[in-house]
Amino acid sequence: MSLALVTMSHSPLLEYADPPAQVKDAVQGAFSAARTFVRAYDPTLVVSFAPDHYNGFFYDLMPPFCIGYEAVGVGDYGTTAGPLNVPAERAAELAQWVAERDLDVAVSRRMEVDHGAVQPLEILFDGIDTVPVVPVFVNGVAKPFVTMRRVRKLGEAIGGYLAQLRDERVLLIGSGGLSHDPPVPQWATADESARAMLLNGRHPTAAARDARQQRVIDTAKAFAAGTAPIQDLNPDWDRALMATLASGDLTPADAMTPDQMAEDAGNSAHEVRTWLAAFAALGAAGPYEVTHSFYRPIKEYIAGFGVMTARTVAG
Ligand SMILES: O=C(O)CCc1cccc(O)c1O
Ligand SMILES: [Fe+2]
């Protein structure tokens, strides 16, 4: 069975920042190429690798990976709130398959997902419940981070399951990255109230959510103006990673260490773990080709912004 893939950066600032028209147009062009690719493929099932930003997963119980049997969008940054269309039996079969391959993956019968999982579904499918989707959480913000090798192995195991399905056309999504360092609090440097949020900040009041989001929106403005105290984007790092992913040999990514990734490309660069998992899953179905690739560093969105589409080579 062949598989198809879309990996794309996300940014809540798509709706809250105003870069030059030419930048917006370029991003919309990349989204529209991805949509065209997805429509032509016409998937019956989506497996979406996405991070979370302390909206669904907290330090009271932080797994490296989690497969959702059901999922609910929390509605951060104006994204769609409510249930995703998750085929629970398919998700459970996938979790069983992965467990039998010596990988320890958490499961959730009610996974809460944020813009990381929701935004690609809105962009590619005009909604969060229009296509069956199994959401796979990949930790991209909370230390400790597993090795990139482990992420690759997880992707390969999931792809192995998907590649033997006869009755589905499966689209893989990887959401996030590339280099970026938005103001997501970290435990080591957080004050007491930020630590309370990181520990268990589920279901904040509207005022608390607004305050958190406004901080990100203000930081994006300052970053574009050159005055934000966050790490710069790293287009060279982004392009090198995209080249590795496109090459079909993902083993060079095994050498990427968590600390070096953060130093080179910002704390949220760990979101690229979703891209690696998605490409590793794609590769499990055989050789693949990248059919569209977009990249642009966009400070207004606080993101080295990339979009890639790829599919199994026919034959
Ligand atoms: O609100 C947050 O916690 C972070 C928001 C955020 C900003 C820029 C790029 C991202 O990928 C992202 O997730
Ligand atoms: Fe993110």
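Glycine is treated like the rest: Cβ placed from N, Cα and C.
As recorded in TrEMBL, the features of this protein are as follows:
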| type | residues | note |
| --- | --- | --- |
| ACT_SITE | His115 | active site, proton donor |
| ACT_SITE | His180 | active site, proton acceptor |
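Cα to Cα, the residue listed as 'active site, proton donor' and His180 (active site, proton acceptor) are separated by 16 Å. Annotation note: the residue listed as 'active site, proton acceptor' sits in a coil segment as assigned by DSSP. Residues within less than 8 Å, Cβ to Cβ, of His180 (active site, proton acceptor) and separated from it by at least 6 positions along the same chain comprise Leu233, Ala265, Gly266, Ser268, Ala269, Glu271, Ile302, Ala303, Gly304.
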